[in-house]
Structure formats: structure tokens, C-alpha cells
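Participant: Pasting the relevant annotations from TrEMBL:
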BINDING   GLU82, GLY83, THR84, ARG113, GLN127, GLU131, ARG256, TYR260, TYR261  L-histidine binding site
DOMAIN    23-312  domain 'Aminoacyl-transfer RNA synthetases class-II family profile'
Amino acid sequence: MSTFNAPKGIPEYYPPDSAGFVAVRETLAEAVRRAGYGYIELPLFEDTALFARGVGESTDVVSKEMYTFADQGGRSITLRPEGTAGVIRSVIEHGLDRGQLPLKLYYSGAFFRYERPQAGRYRQLQQLGVEAIGVDDPALDAEVIAIADEGYRRLGITGHRIELTSLGDSSCRPEYRSRLQEFLRGLPLDEETRQRAELNPLRVLDDKRPEVREMVADAPLMADHLSAAAKDHYEQVKAHLNDLGVPFTENPWLVRGLDYYTKTTFEFVHDGLGAQSGIGGGGRYDGLMAELGGAELSGVGFGLGLDRTLLACQVEGVTPGDPARCDVYCVPLGETAKRRLVETAGQLRRSGVRVEVAYGGKGLKGAMKAADRSGARVALVLGDRDLASGTAQLKELAGGQQRTVGLDSVVDEARAELGR
Ligand code: HAM
């Protein structure tokens, strides 16, 4: 008989650890909702051309990492490698930009990149992202960065840092790009890198090989060649971040793997994660909407990697969320007791308490072990003698204190024990 394994490079989350994953997603979502972002649910696959045009043909993401296939109707379909292009496609298609601006949207879910799997690098990855569309205001860039920082802090993470730079705008980037290309043409680069320098010269600055790093150490940097407008925008983003009390370091070498960025770009880096240290990243993309056939509207946003954020929590010894499955664990001893406690469990749940019941006729010892493992604070035990006297036993699991309560008032008593 054959057995099956999940495809390579896909993290799966199951109890009890999945509680941490859900808490990461929910805590970050709460931080963005607090800044007025509304949820958008998007398709997991789109026309291949959307990503080729939106993310850029010369990026690794598009040229090497996409899951692309022909569907039964012969259309070229791609599993979404990132969220921004799909959001902008949806905004244009449904005219969402006709209302009040900025349009603030957030999303979360799976993205797909055919990368070489390693710790923290997956082929199915999860992100929570935001996009704020239609207002070119440096204060909005700062807000986007600050809400991600706030989300991480709410989780209890403190070991992350923010790297920030400006990639310039359409008035200064083309000139800088030629200047950088000129510089790179003068270096003894290998053939592949030389080709990359022609296609996407900024990526060469991001090369990890020490010999290439040494060669590009004196390369011209975008941050030194910003137009007056781009420089002013960047200075204002930094001033707002300072006002917001969000610490950052400037990294003029920061290169993002997607082509649509302009002006502000940033990455959240966690040094406890080894090579895959980027727990989130984003920036401004002022030309993307027009490029995809929409209005000339600007945008800024981020994508936070939920898988890597959970790893960062684990590295820092932070346990996000409540690992307990329930508050009250019901232990019936015998069939009559079971009928009564199943009913009580329903009543407790209706009143908002999380409840489990020991099914399957477990004995007292086994059931109490199960109660401990469930993380419940209280066990509610009902045996024959209790039934006869119209009572039940309420046992506090951590301390072991036990008290007898009236069966008629058991819901109120259990709630009181939980401080509700
Ligand atoms: P990105 O930097 O490609 O940006 O991805 C954002 C985050 O997703 C990364 O910082 C990382 O935490 C996580 N991530 C990416 N690839 C993987 C992987 N293979 N395994 C695990 N985690 C991964 C974007 O996707 C942009 N759409 C973000 C954005 C939104 N920019 C503007 N708006």
C-alpha cells in the first residue's frame, strides 16, 4: 500500500502549535484593522501575465519561481507568488478606487514560490499584507511601517529591526540605473552576473558572494542620487517614523526582489533566524496601477511572512495565543452522568465558555490526565454519588482544590470559578 507525503517545502500547522500560527495571524490582523484596513479575499491563482507585468519579468520570482500551468481551457494560470499585483488588479476591475482615498485593504493567506526549501524558506508561504492606494503622502508610508512594527510588538517580539531606504522615482531612477550599469560594466563579472547587470542592475548589489560584494562596495547608490522630490519624501518618512517612536536603520544597499517599488522601501529583519531573516517587507509602488491598466494612482504596502514570524516567536521564547483547548473539562463517570454533563457542556458553551467532555467511557484517572493535557483550568466531575445528592465536583486543575457544587447551579459555579 502506498502512503502519501505533503509536497516538499510546505509547512503544516497542527495542534497544539497551530494555535501559535493563528495567534500570529490574528494579532497582526488586529494591528492593521486598528488603522482602518478592510479585508479583501482574492483568488489563489491569476492570469500569468498579471505577475509578469506587475512583478517584473526579470525578477527571480517571475523568471524562476512561479507555479505556472495551463488550465483545462488552455489559459496560462499562475499560483499567486505575492499579493500586491492581485490587489491592484481587483481594485481596477471593480473600480474600488472610485471611493474615498486612500483605499486601505488587507489580506492574508497562502502564496507560492518554487524556491529551494530550507529552514524558513517554503514553497507555500503565508503572508498578511496591506495595500494603501491613492495617496502619495510620506506620513502614510510611515503609518504602514509603524503598524507592522506595532503588530510584532503586540506578539511580544523585540528582536527585529527595520531597514529602510528610498529607491527613487521615475525622474531619478532611470538615470541612476544607467550610472550603476556603467559602473558594473567596468567590473570583471562572470557571464551570468553580467547579464543580470543588463537586465536588473540593482539585483547585483544584492549578490551574496563575497567576491561580488567586494567588487560592488564602491558602486553608486540610489540614496545618493535621489531627485529633490524623492529626497524630500524620504526625509519626511524618516521624520514621521521618529515622531512615531519607530526605530529604523538606513540601508542604502537594500534591494527588494520585486520590480514595482519606488521611493520608500523597507524590510523587517530578525537576526535570530539565520539566512532567511526577512520576516516582512514592503514599500511604495507608484507606477504599478497605471502599468496594470488602471488610473495613475500611487500605493504603499507590506507583506509580513507569517511562517517566519512564528519562527521568530519561537526563537525569542514567545508563545503567541492561548495553547489551552478549553476552559472546562467535563468528566462523567457512568451513562447517567454523561447525559447530564453533555447537556451542561452545551449550556456552558452557549454562555461563551470553552468546554470539552471525556467521551468513550474513560475512567477517572485517564479522564483527569486528558483534562490536564487539554489545558483546561477546571474539571467538572460527576459520579453516581454526586448524582444521588444533586451535586458535582469542581476541581481547579493547577492547584488541585476541589469543591462540591449544586448540580442545578453548576453553570454559574463553573463560570464563577473562571472569574466570569
Ligand atoms: P516579499 O518581500 O517578497 O514581498 O515577501 C514578504 C515576506 O514574505 C518576506 O519578508 C518573508 O517574510 C515572506 N516570504 C517570502 N518568501 C518566502 C518563502 N519562500 N518562505 C517563507 N516566507 C517567505 C511581497 O511579497 C510584497 N507583495 C510585499 C508588499 C506588499 N509590498 C508592497 N505591498
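Positions of Cβ are set from backbone N, Cα and C atoms, glycine also.
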Participant: Whole number in angstrom, please: the longest C-alpha to C-alpha distance across GLU82, GLY83, THR84, ARG113, GLN127, GLU131, ARG256, TYR260, TYR261 for L-histidine.
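Facilitator: Max Cα-Cα spread across the L-histidine binders: 21 Å.
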Participant: Out of GLU82, THR84, GLN127, TYR261, which binding-site residues have CB atoms lying under 6 Å from ligand 1?
Facilitator: GLU82, THR84, GLN127
Participant: For ARG256 (L-histidine binding site), write down the residues of its own chain that are at least 6 apart in sequence and whose Cβ falls under 8 Å from its Cβ; none is a fine answer.
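Facilitator: Within the chain, ARG256 (L-histidine binding site) has Cβ neighbours under 8 Å at LEU167, THR265, GLU267, GLY281, GLY283.
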Participant: So, in DSSP terms, is TYR261 (L-histidine binding site) helix, strand, or coil?
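Facilitator: DSSP assigns TYR261 (L-histidine binding site) to coil.
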Participant: What is the pLDDT of the domain 'Aminoacyl-transfer RNA synthetases class-II family profile' (23-312) when averaged and given as a whole number?
Facilitator: 97
Participant: Per 10 Å Cβ neighbour count, which of the binding-site residues THR84, TYR261 ranks highest?
Facilitator: TYR261
